[in-house]
Amino acid sequence: MWVNFIFALIPIVWLVVSLTALKMPAARAGIIALLLAMLLAIFAFKLPVLDTATGALEGIVGGIFPIVYIIVAAMFTSKVTFKSGAMQKIQDMLCSLTTDKRILVLLIAWGFGGFLEAIAGFGTAVAIPASILMTFGINPIEAAVICLVANTTPTAFGAVGLPVITLAQTAGLDVMHTAFIVSLQLSVLILVIPYILVGLTGGVKAIKGVGFITFMSGLAFALPQVLVSKYVGAELPAIAGAIVCILVTALLAKKHKDDPTYAVASEEVPKHTAGELLQACAPFILVFVFVLAASSLFPAINQALNSATIKFQIYTGKNAGQFSLNWLFSPGTLILVATFIGALIQGMKVGEIFGVLGEVIKGIGKTAVTIASIVALAKVMGYAGMTSAIAVALVKLMGPVYPLIAPVIGALGTFVTGSDTSSNILFAKLQYSAAQTLGVNKTWVVANNMVGATAGKMISPQSIAVASTAIGQEGSEGEILKRAFKWCGIYTVIICVFLYAVGLATGNLHF
């Protein structure tokens, strides 16, 4: 068991070392990690060569669609709003609320980023806010790290609740109750994250003067999320939390006296009419409407879009499932269509719109290679039993205090796959079985996987690649990872200790 554990760790250790110590470009590091995993799968874990190859191919296809596809759509939205001048109007609106970069970070990275994660996910919440923050004079690397830290807790209910719904269904638990427990476990973190974001703009001293707004920005996100997950369901908690957060933060920002020390470089802000601002926000409004309309909240539309799903076999191993190509239902398609219509509303010509899309596709190459190789790595590790070998060894090592490190397994899954949903697919059953063996509350431990997965999102190679692309500094992945890793470590320690202590105190866990 321990030999397999060590072998299984090799690709992951390589990724960490190559991206940090060796400062290797993420695309190259990902390809080498995939090759290492394939060799280990064949020779150490005895996965047939054909199964290894088709498993990797399935990962490559899955990396391109939907992940790269959705990133292209998100970047398309961002570039269209810049090209049409709409982003300048949105910036003017935000600047009219405040010129204090600490509050701008709360509005853009936390509130707006949380909203993007809630309705679309898959990198949108890092790519778009990071590019906006740069326009306010925030250092590109700093902007990337801020958005990576912000894009943690909202990911649990991202893409209209997909990760939590998948978690519950995979483990065989009630979806609504699981969503409620996850929202409770995340609530304290949601209150803490805004303070970290403000601190990233200017150190601990930056919190002085904005402590109340920062607290309310977190509370306005946490409270609606808990209430909606309890009484409505798993689809809308993050959407409700993000919208209330933006409204509350904006309202308080209007009453806040800006500190010149943290003022962004800005000339006199032009005034815009409500109609102009509505036009500027058209792509985002349409994205919200389209994604929401396509969700399970509207079964007729949801089923109609899903009926266009194409299924085919790629992986040749035992119990192989079919690969699903949800091209019409994909958030990428919905975002592309919404953005195209929004661009027309903003007065762009059809040729200009396609020109912007071409620029995005042309510039996404290295990121596409990185993401495809990482998803392929995850598939090979999963099919070969490498991911399970790591998790099983951790359960064996920890025994009755296993729940203390349950979130780490969730974080590991997201680090490797870049997806909370994938982490839940990989480890929900493991967490359930471990809780059952230990005789503790199964929903509590399974929910720990989801909370831990939000930590791993911060440092997953996919997220790092998206962040570096968004700030226009491909090759900066190592520096971004190094800075984000510290916060991921702190975040993970907090959730492990806090959730274990609360679990013991509430009777959900025991020695």
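Cβ coordinates are placed from backbone N, Cα and C, and glycine is handled just like the others.
TrEMBL assigns the feature transmembrane segment to residues 401-419, out of the candidate ranges 135-153, 154-172, 363-381, 401-419.
The highest tally of CB pairs under 8 A with the transmembrane segment (234-253), across 6-22, 59-82, 103-122, 179-198, 488-509, is held by 103-122. Only residues 6 or more beyond the boundaries of the transmembrane segment (179-198), in the same chain, are considered here, and those with a CB under 8 A from a CB of the stretch are 102, 105-106, 109-110, 146, 149-150, 152-153, 156-157, 161, 164-165, 167-168, 206-207, 210, 214-215, 217-219, 221-222, 225-226, 229-230, 233-234, 237, 241, 443-444, 447-448, 450-451, 454, 487, 491, 494-495, 498-499, 502. Taking residue pairs at least 6 apart in sequence, the transmembrane segment (59-82) and the transmembrane segment (29-47) share fewer than three C-beta contacts under 8 angstroms.
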